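**Q** Shown below is the structure under consideration.
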Amino acid sequence: MSIQFILGRAGSGKTRHMLDEIRDNLREKPDGEPMVLLVPEQATFGAEYELAQTPGLQGIIRVQALSFRRLAFRVMQEVGRSTRIHIDDTGKKMLLHKIIRRRAKDLRIFAKGNGQSGFIDRVNDLYNEFKRYQIDGSGLLQHIQTNGILPDKERMLQDKLHDLLLIYDEFEQELGPHHIDSEDYLATLTEQAGSSSFIKETVFWIDGFHGFTPQEFAVLEQLMIHSAKVNIALTLDKPYESGREPHELELFHPTATTMIKLRELADENGVMTEPHFVMGGEPLPRYERSFMLAHLESTFDRRIPYKGPIEMEPSVVLHSAVHRRAEVEGAAREMVRLARDRNVRWRDMALLVRNMPDYEDLLATTLTDHGIPHFFDQKRTVLHHPLAELIRSALEVVTGYWRYDAVFRCVKTGLLPAFAQQDLPSPFDIHVEGDAFTARNITRRNLDELENYVLAFGIQGGRWTDDRPWTYKLQRSLEDEPTGPNERERAELQRVDVTRRAVAEPLAAFERGLKAAKTARGMAEALYGLLDSLKAAERLERWSMDALAAGRAEKAREHRQLWGAAVDLLDQIVETMGDEAMTPEQFAGVVETGLESIRLSLVPPTLDQVLLGSMERTRSGKVRYAFLLGVNDGVVPGRLSEDGVLSEGERDRLAETGLLLAPSARRRLLDERFMIYTAMTVASDRLWVSYPLADEEGKSLLPSELIRRLKQTFPALKEGTLMGDPGVFIPSSHEEDERTPLDYIAHPERALSYLIAQLREWKKGSQIASVWWEVYNWFVSQPEWRPKLQTLLQSLFYTNEVERLSRDTSRRLYGTHLRASVSRMERFVACPFSHFMSHGLRLQERRVYRLEAPDIGQLFHAALSMIAQNLMREGVSWGALSAAECRKEANDAVDVLTPRLQSEILLSSKRFTYISRKLKDIVGRASVVLGEHARRGSFEPLRLEMDFGGPVSELPPLSFKLNNGCTMDIIGRIDRVDSAEGESGLMVRVIDYKSSQTSLRLDELYYGLALQLLTYLDVLVTHAEGWLGREAIPAGALYFHVHNPLLQVSAALSAEEAEDRVFKRFKMKGLVLAEPEAVQLMDGSLEKGHSALLPLALKADGGFYSTSSVMTRDQWGVLRKAVRSTIREIGTEITDGTVDISPIRLGPKTPCAFCAYKPVCQFDTLIEGNGYQGLAKQGKDQLWDLLREKGEHSSD
């Protein structure tokens, strides 16, 4: 019964001394008394490995490397206390969630925080802190009553303590005698140490600790009393006697207070303190190969400038980096250099940071790119894992009314449906026809098809579990009556329905089980039933085997551990909540809390790899080369923030009353020096220190005070600068330019990236170092790298240009006889590549169940067409209707069309019902205005939605013989054809309804961007004799804007004035025949001035103002020929295979703004060869000349 302290500064050989003593004991007495090497939990694997590596030993059965918790479990097994059911942090958080929810009415502060992210974690952390500092509910209550926390002055603290006491008591009652909390392990160990023969026979060696909690001190006290001997290593420069408190600013304050406390416990219990074993040496053993590191350690708290020998390769290296990525890449290159040139093993290197979240992703990708094996020394969260996502999303399916995103989050985990395996044949290799398609045929493509279908029809809720087959079908046109599916559509619907059932059935069974269960136990059983039905365990095992086969041992362990963690989570729900009643929503909250709490502890998958860890947590063992990254101001040392349940002020108040909790923020800040000391003295051969100058957003970062201290300690230390690219490397102003491109040639993968960047600069005319040509020659000479080099070299000459389709390909896509609409012609002019995507490859955007502008425009067209058709059928003129009758007709038409629009989207919610009312208002307003048009003019609707060029159309197409021998028919549908009988003959006009403001501009017409109206008018006039039996005069081509305008006025208006202003806002745009008769037939109320209906104004002498949009008959002939010439040119270009990525720009307008194919074309004006076709704006007279010239070259 004795204790011996093994003391020494960092690197003095304390750990080596302890291991040597243990090894000597093992050699002398292989079957002697047991020994335990007690180390922090994260260091147990390394300690066991070191012992196992002992030369000449056949086994190490006498000695075990244990943590405090594993030691407690070992003793509990011996004394019979291990039968109590263990509740870990995951179970505790779920239990806390339940208690706070259940006692919400009794809580003063905490009830509001239960739904906040991280709140349960903070409450659990404080609960654990209470346990570690040996504070129980009764003790806390007694302390409060004794020391008088005054509610009047400290109401917030009083309320918090009230809530904590309530939760603490309830928590302990919930645990009862049959459960044990993780934090109670050490308390149990303290109670049972005296009854353990294992403890009595064991010699303990304790290493890797700098301080202990009161709970751990209590364990150590029992070990001193009952064990054979306790040996403890502490990082201290000298022994500290009882009663001599170290100064708070001393570097070794944490370990000094630890030693003093242990000596006091030994004296109190009559335990003999053997003579201290103080390690030393000059230099210390760890730094025998490095004068600079020895000096850094010995003068860390004194800042004495280094005056020792000049090292050929400095063992302290300092770098600044332009950003974190450059910093990590620089460290990775150095690691590769050490392994390649110095034969340094990966396991002899460690990289430490203070804030791992800032670096984790960068480290993972960069080290992988450089081929550096690595291991993160930290526990992993599981929320990213498919199994955790399946559990969360399945619960959301039930509680969230089967929303699209929840269902397909389940599907995309790869675990649903159970038989949609990833190793199924490619969907393109499976040919299943008609009724032969079954659930066993489901592939990933079928699941994608299902997702598209669900998105298109907005399917959610009960429709997922409907026994009836899904037969929802998109309505191609609102005017057409709904029809049944054709054969191809029936096959698609069957595939979708079979896939839907495969997805929905396990989730529906889970929903029934979850809703039928009224207790936590029943709900946990329902969730386990879902996982079992999906064969989740088997799937994870297979994933694990696949990961092992691919050399990803860490991922394989993650898959295996997570299944056990998930089952354990359900077990703890049953154990802690059992028969407690709860709703599915409450159960989902409990599970979410549990999943957020799960942490996986993974052992290193291989022995030879770089250790990545935090400065605070990681115990790195034997490290020759240490890399300290992110040494910035506010990070090293850190700024301590208040994010706990108790503020620092409240902790100070409790400390004043004698309640001992974790060290205060001030004490932790002072102890930062010791943490930095241990991190900077871990390496034996070289220390790399670096810091970034900016973060990912470009915000500047300042270096830590530690950087200045390093420069003071080593005045000759040169600070290098790490740039992100070798081509722009700039050495620090105070150093010679020692950097060469060779520094960036560390690994083929990264060197190839740098080479391509250098060649890109060379291509621009810059000079590059000759070594890059040697690198190029090396890659050319390597068969395994040559293909990748060739692929990347193509990027240097990439112009994002596409070749013209071959004649054969063009004919296969379009044939020799092209049938096309006018809008297709306009699309081609706007961008040939967009036309190729839409009409050549026929790519379509994924349909989504939402109301968009084209849907609204379709509704307006159909509603106004239906009104006109009804009036024509009844023989009633639109002008004969009153405003109320016009609105009624509009309402009736919209009511008929509403169920046909986007799968009844306007009937799907109250919001859409409101939108439907607004749409009725707009159609009603347009109907009233069109009625006024009819009253003021003589034109009447002749045809509505008039097809031409179709098999059963009343009018034939416009046909063209193209210059390349192909032929082309222009087909389409005209919204509205009006006619009026005049003295000069029958006049016809075209009206096109638009849901946005549109005008007919001559420049757009000349360039081929606005061909529609005049082409329609051409069709009518060309074929008039065939369908009207006489010639027709082209009276006009006009756009009618369907909207419900809002007026902005500065003074009140009468109803008549307001109506008149609204009416004028509906003035049509386009072109009108420049003849008085045509104008009078359209607007009989116009004598002079501006027309309220037409885009023109009359002078007193009957002439037209220059701003009028009119055309003479001669000009109509010019336009007709020009339009035909343009159409023929476009058709020739299409059939010749033109697919250029060359969008037009006319003023500020480009087609790219709303193009669905931007992700495909990758058009970017910064890429060589990419640029807009700039279409010059012309004057009106010049445009007429150009149109006339174009028409003269037409053969029509």
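In case you wondered, yes, glycine gets a Cβ from its N, Cα and C as well.
Pulled the feature table from TrEMBL, pasting it below:
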- Cys831, Cys1152, Cys1155, Cys1161: [4Fe-4S] cluster binding site (BINDING)
- 282-608: domain 'UvrD-like helicase C-terminal' (DOMAIN)
**Q** Please identify, from the binding-site residues Cys831, Cys1152, Cys1155, the residue with the sparsest Cβ neighbourhood, meaning fewest other Cβ atoms within 10 angstroms.
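**A** Cys1152, out of the binding-site residues Cys831, Cys1152, Cys1155, has the fewest neighbouring Cβ atoms within 10 Å.
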**Q** So if I draw a 10 Å sphere around the Cβ of Cys1161 ([4Fe-4S] cluster binding site), how many other Cβ atoms end up inside it?
**A** 19
**Q** To test your reading of the [4Fe-4S] cluster site: which residues beyond Cys831, Cys1152, Cys1155, Cys1161, same chain only, put their Cβ within 8 Å of the Cβ centroid of those residues?
**A** Phe833, Ser834, Ile1141, Pro1143, Thr1150, Pro1151, Tyr1157, Lys1158, Phe1163
**Q** What does DSSP assign Cys1152 ([4Fe-4S] cluster binding site), in three states?
**A** helix
**Q** State the mean pLDDT for the domain 'UvrD-like helicase C-terminal' (282-608).
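**A** Result for the domain 'UvrD-like helicase C-terminal' (282-608): average pLDDT 86.
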**Q** In three-state terms from DSSP, label Cys1161 ([4Fe-4S] cluster binding site) for me.
**A** helix
